[in-house]
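Worksheet: the structure to be examined is printed underneath.
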Amino acid sequence: MAARGDSSYEEALAALSSLITKRSRADKSNKGDRFELVFDYLKLLDLEEDMLKMKVIHVAGTKGKGSTCAFTESILRNHGFRTGLFTSPHLIDVRERFRLDGVDISEEKFLSYFWWCYNRLKERTNEEIPMPTYFRFLALLAFKIFAAEEVDAAILEVGLGGKFDATNAVQKPVVCGVSSLGYDHMEILVSSSSLPIFQLGVPAFTVPQPDEAMRVLEEKASELDVNLEVMQPLTARLLSGQKLGLDGDHQYVNAGLAVSLATTWLQKFGNLEVPSPTQMSILPQQFVRGLATASLQGRAQVVPDQFIESRTSGDLVFYLDGAHSPESMEVCAKWFSSAVKGDNQSESSKHLVNGSAGSSHEKWSGETCQQILLFNCMSVRDPNLLLPHLRNTCANHGIHFKKALFVPNMSVYHKVGTAADLPENDPHVDLSWQFTLQKVWESLVKSDKGNAEGEEYRGKDGESSSGNSEVFTSLPMAIKWLRDSVHESSSSTRFQVLVTGSLHLVGDVLRLIRK
């Protein structure tokens, strides 16, 4: 299968961008965009038979589903099986959505499969069966890649919710999983006739849920004759001293679900005796290795700024987590609080052992630490729920932000690609949402300090600042401010920046701080 001769990667991304609909996430008019079209597309791509043979693990949920998929894939790969993993969103490059044997698909393979699917659909679609929309095309592309690459197991993360999601083209998965359902998912869950992706007679697992969510899940399972089991979080004892590859206490919930999904798949296709999780006193070695080496960008990830020359200045470290619901914000705050305390203690002890020699981290003496928040969220989110959860949980753990920075995202929602060609500072950018976020933050600070803080002021560039917060016209400007602050500080100051509120923001930051 050859890629189109003149196709560059940028051309493929432009073609992919043409499939993005302009409808916002807040638009409630989506009635499935004629979900039955997905089956027409499978026919046009000659994928119907392949789909019936594919051994799929299907995972839905509000939060934790990406982590659950990453753990599950890693366990099966460590058992020697060829794996395909389809997740969303991507943070830097669209190829992140398609992993083969734990690695993002190569550019060469991506282009080959992309143009094969795109050109075939362009030739065969018409007014009655139009070109698929963006996410639907990506799901079809994943099916094509996994079929052609002959993966043993395909792990599919549900993208946009329930019964209209393109991954539901899978008619008979091996097993289904439902990760934690947040309250922002409840309205869809209750109104949807088949949101939990359950399929007639297919075993399913979930984690402990809010009462109302659990009631709905049990009702759906009963209707479809699904054996739904609730899995408890994994215990540290089962891991025989190993740490999970993804950081944070909440990951033990996702790991417990992943163990059940992988076990069910292995019992059916692994040709080996695998006890059920409830019968294990300690996990088999391949499970432990899989859980310990799982990786997923933008979830509880710690990345030092690679552009800082820190021999003469302080230290700049980014703590990245794409939390965007009240519950995940609380989880993120607990992780950040624990991570910065742990990092500062370990760096301080390294300093005692190593003196001032070695890397910028080894020289760290922990004299001064400043925690800074770098935040944005989509306007469909409620900052009056997100920011108090974040601030109060951190404060309860003894972590107080010196300053909060609010920025617009660099990523644009009508275009797929890198941020390299995006303007560094657009003077015409609309910052009204960022000022709204700042106002919520300032009111939280003032209620804590009894209105002792001075009035905010608005700078000449449309930037708004007080002692507690600042709005920047662009993310690069905020990063520059952080780097300048580090250079102006003493070498014993560590800046610990929590980046959260949006996975798009996390991806944009990763682009800018990695060489």
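Using N, Cα and C of the backbone, Cβ positions are placed for all residues, glycine too.
Some features that TrEMBL has for this protein:
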BINDING   S88, E157, H185  Mg(2+) binding site
BINDING   R299, D321  ATP binding site
Looking at the binding-site residues S88, D321, which sits with the largest number of other Cβ atoms within 10 Å of its Cβ?
-> D321
Whole-number Å distance separating the Cα atoms of D321 (ATP binding site) and E157 (Mg(2+) binding site) is 18
Measuring Cα to Cα, tell me the gap between S88 (Mg(2+) binding site) and R299 (ATP binding site) in whole angstrom.
-> 13
Compute the C-alpha separation of R299 (ATP binding site) from E157 (Mg(2+) binding site), stating it in Å without decimals.
-> 15
One finds that other Cβ atoms within 10 Å of the Cβ of E157 (Mg(2+) binding site) number exactly 25
Around R299 (ATP binding site), how many other CB atoms lie within 10 A of its CB?
-> 26
